[in-house]
Amino acid sequence: MSHVVQDRPVTTARVNHLSHARLPRWAQPAIAVGAVAAGIGLGMAAGWQSRIQWGLLAALLFVLFSYLITTKVEGKRQARDRVATSIVWVAFVLAVVPLVSLSWVTISNGLEVLDPYFLGHSMNAVLDAETGGGVYHALLGTIEQVLIATLIAAPIGLFTAVYLVEYGGGKLAKAVTFFVDVMTGIPSIVAGLFILATWNLMLGFGPSGFAGALALAILMMPVVVRSTEEMLKLVPNELREASLALGVPKWRTILKVVLPTAIGGITTGVMLAVARITGETAPVLLLVFGTKLINPNPFEGAQASLPLYVYEQYAVGTDASVSRAWAAALVLIAFVMILNLVARGIARWKAPKTGR
């Protein structure tokens with residue numbers, strides 16, 4: 001019996017035309033370094049004196065070099081992906097560099113004057129051109145004005161958001177939503193002029209920390225309304241329906257079910273709104289006037305604040321006053337940063353627990 005031996009067909013390896021060589025991991029950092037060097041060199045050759053121009057040119061060259069080199073090695077398909085990634089990195093760097101630069105300049109200049117004496121004394125009996133003095137009166141004024149504005153704006157914003165989410169739906173709710181959107185973009189100087197025209201000119205009250213707090217409350221309210229509204233919308237409807245199915249009234253469902261569930265986000269929104277109004281200068285300049293003395297009464301007499309203190313000291317222009325302005329700016333940044341950290345902590349603490 002004969003056996004027929006057949007040869008196996010010769011198989012050739014398939015060529016994957018989509019695969020190309022890959023750039024090593026160090027290629028992108030090397031391209032970035034080369035782009036920076038080329039940007040500086042071309043900028044200096046062109047006579048550009050600004051580092052910002054050098055940086056923008058380096059960013060453009062980085063994207064261009066990334067595309068050309070990736071196209072040569074990996075192909076156009078990967079080059080398009082690399083360009084998109086490069087643009088994202090360039091946008092990230094352009095956003096971070098000003099923040100880092102601002103923080104570095106403020107910290108380096110502010111620490112020259114910032115000490116316990118600066119925090120515990122006012123500018124009473126100290127000339128603007130002289131060394132010495134402190135920021136205590138401005139820090140006290142800022143805390144009081146922001147606290148009063150929060151006590152006014154937070155309840156009103158909370159009740160407005162509850163109405164829009166739980167009860168609204170008609171023309172009144174649409175009108176309220178429209179005016180809240182308009183107030184969100186209102187310039188701070190307009191709020192200051194409104195309080196100046198009503199509280200000071202029509203009603204006859206003088207400058208005070210309370211007048212400034214009223215303007216700050218106007219700026220704070222739409223932020224509280226919007227943040228609270230979004231948090232209330234995130235509460236599952238199943239919780240509301242379960243409570244109502246047990247015969248619980250709607251107002252009690254809101255009080256005992258909806259608000260406790262969203263309290264973390266609501267608190268975070270309020271704290272972020274507080275951080276937003278802390279640095280406002282225009283309303284304070286119109287309504288509070290500023291003073292070198294310590295005025296613990298926000299309802300009578302002019303009062304100082306940190307943004308106004310920074311503006312006044314920097315406007316003097318002497319070395320001593322500019323140093324105090326930088327130190328006060330550092331205190332203001334630290335105050336806002338503490339508020340943001342507190343907001344994050346409260347949000348994490350009050351976040352709904354998952355799992356068993």
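Indices start at 1 and increase along the chain as displayed.
Every residue, even glycine, has its Cβ placed from backbone N, Cα and C.
Feature annotations, courtesy of TrEMBL:
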- 139-343: domain 'ABC transmembrane type-1' (DOMAIN)
- 26-46: transmembrane segment (TRANSMEM)
- 52-71: transmembrane segment (TRANSMEM)
- 83-107: transmembrane segment (TRANSMEM)
- 146-165: transmembrane segment (TRANSMEM)
- 177-199: transmembrane segment (TRANSMEM)
- 205-225: transmembrane segment (TRANSMEM)
- 257-277: transmembrane segment (TRANSMEM)
- 325-347: transmembrane segment (TRANSMEM)
What same-chain residues lie close to the transmembrane segment (83-107): Cβ under 8 Å, and 6 or more beyond its ends?
28, 55, 59, 62-63, 66-67, 70, 326, 329-330, 333
Dominant neighbour of the transmembrane segment (146-165) in 52-71, 177-199, 205-225, 257-277, by Cβ pairs under 8 Å:
205-225
Long-range Cβ neighbours of the transmembrane segment (257-277) (under 8 Å; 6 or more residues past either end):
146, 149-150, 153-154, 157-158, 162, 166, 216, 219-220, 223-224, 226-228, 230-232, 234-235, 239-240, 243, 248, 336, 339-340, 342-344, 346-352
Which sequence positions outside the transmembrane segment (177-199), separated from its termini by at least 6 residues, show Cβ-Cβ distances below 8 Å to it?
160, 164, 168, 205, 211, 214-216, 218-219, 221-223, 225-226, 280-287
